[in-house]
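Only one structure is covered here, and it is reproduced in the block below.
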Amino acid sequence: APSPTTAVPYMSVKCIDVRKNHHKTKWLMPWGPNHCKKLKDFDEAVSRQIEANDIVFAVHIPLPSKEMSPWFQFMLFIMQLDIAFKMDNDLKENAEITLDVSLAYRDDMFDDWEEIAHAIEIRKLKCTFGSPKTVESEGRHYDCDFLPFMEIGSVAHKYYLINIRLPVNDRKGINVGIGEIKDIRLVGIHQNGGFTKVWFAMKTFLTPSILIIMVWYWRRITLMTRAPVLLEKVIFALGISMTFINIPVEWFSIGFDWTWMLLFGDIRQGIFYAMLLSFWIIFCGEHMMDQNERNRLSGYWKQVGPIAVGSFCLFIFDMCERGVQLKNPFYSIWTTEVGTELAMAFIIVAGICLCLYFLFLCFMVFQVFRNISGKQSSLPAMSKARRLHYEGLIFRFKFLMLITLACAAMTVIFFIVSQVTEGHWKWGDITIQVNSAFFTGIYGMWNLYVFALMFLYAPSHKNYGEDQSNGDLGVNSGEELQLTTTITHVDGPTEVYKLARKEAQE
């Protein structure tokens, strides 16, 4: 697949708007048949006695002779200001810039522009100046951080227009002490159409395959004479959450202007993450031989509780960012100091919790391995057929545990890297290039893992009873009982599960 996203740089055009009631009259186009009257620079504005309030920075998306497409899925815009140093108009410390921004769309080059959103936003300027602030340095530019500007969750129209004003009011101190702004640049980031098609194709192909294995798996469980055990219920719940992610509702975003798709995608992924992390804890716990009363969800509240709390915190954080953007696409939680600190705290705490969770999971896997290895000492006393059967099961179980650890590690890495990539425009220096193989690979890995779990952990209909076990070496009935299910019904859960559970009951 092509790389997931493309970044396109845009340079704003300085338009003159001398009409009163600016916004109610017209939109200013940077180029084309009805383009605005332009300024080369602010020196020209001074010589022509044009006020700052009459200058509009106009950006047309996309560039000339191109069109936007619903396949692009979303648009994220970052702003960069070119600010020059002047002795009589220096940049104040902790300066804030007030932007009067409007966004419009049209689907034909000759239609009128329709407004999508209008907002007055404040952004903090974080700039450094490399040279000493002397007369000789006048005209040199500050080095300023990127500013989060706008995010839209769908690209339903062909053409977009952004008009930005910098209203100046000396009495109220609006846009005073922000230095001499020379230009406004925007970087537009959108998903690649080619990557979107590969992603949709994967979802469309994987949805029926997981659905089929789920139906088969649950049918195998209902054929049993006993009720499903906790592990079987949790595997089925994991299958449901995977299907929830797989269902390709994104196809509708090609025909409908659904701006909430980004938020919906985050919620789906969050539910799957929470389910996956809870499943790994329960999966290891159910194979421990530690005298605890298992097979009840209430026995895992200490481990599953923090996962639920963490997921809820991340959901609230997401609602504060993407939830508000449904109404105002120019809003960003990163614009205020409190918001930035909260957002960073959420992501850092989530990262630390994930790393601690992974270490705890490694510890549980180590304990399970040690217990299973101890149990292997009773294998030589069994009949040949039964011994080979159990050796195969133990090998399969160990292999699945190692795959679980590998998936856990990859998931933790994916979560941290995706947060950093999403935030690197907002934080400044950190840049990580994530290619499409990583996204499609992790997504495919989750599906294969869930598929394999349901396939390997479906209850067996085969019976390794006394006729086999008492053959070769004449194992007595006590040894036979020790390795059969701890549940009173004959058709218990999987053999390895039985093997592990027996010790706990003893």
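Each residue, glycine too, has its Cβ placed from N, Cα and C.
Annotation comment: TrEMBL describes 13-191 as domain 'Wntless GOLD'.
The domain 'Wntless-like transmembrane' feature in TrEMBL is assigned to 192-461.
Annotation source TrEMBL lists transmembrane segment at 198-218 (among others). Outside the transmembrane segment (198-218), and at least 6 residues removed from its termini, the chain residues within Cβ reach (under 8 Å) are 1, 235-236, 239-240, 242-243, 246-248, 250-251, 436, 439-440, 443-444, 447, 450-451, 454-455, 457-458.
As annotated by TrEMBL, transmembrane segment applies to 230-249 (among others).
Among the features that TrEMBL reports, transmembrane segment is placed at 261-283 (among others).
For 304-324 (among others), the entry in TrEMBL reads transmembrane segment. Long-range contacts of the transmembrane segment (304-324) within its own chain (CB-CB distance under 8 A, at least 6 residues past either end) are made by residues 151, 153, 262-263, 266-267, 270-271, 273-274, 277-278, 281-282, 297, 331-333, 339, 342-343, 346, 349-350, 353, 357.
As annotated by TrEMBL, transmembrane segment applies to 344-372 (among others).
Sequence-distant contacts of the transmembrane segment (393-417), counting only residues of its own chain at least 6 positions beyond either end whose CB sits under 8 Å from a CB of the stretch, comprise 273, 276, 280, 283-284, 287, 350-351, 354-355, 357-358, 361-362, 365, 368-369, 372, 375-376, 432, 434, 438, 442, 445-446, 449, 452-453, 456, 494-496, 499. Sequence annotations record features per position, and here TrEMBL assigns transmembrane segment to 393-417 (among others).
Summarising the annotation, TrEMBL assigns transmembrane segment to 437-458 (among others).
Predicted-model confidence for the domain 'Wntless GOLD' (13-191) is 85, expressed as mean pLDDT.
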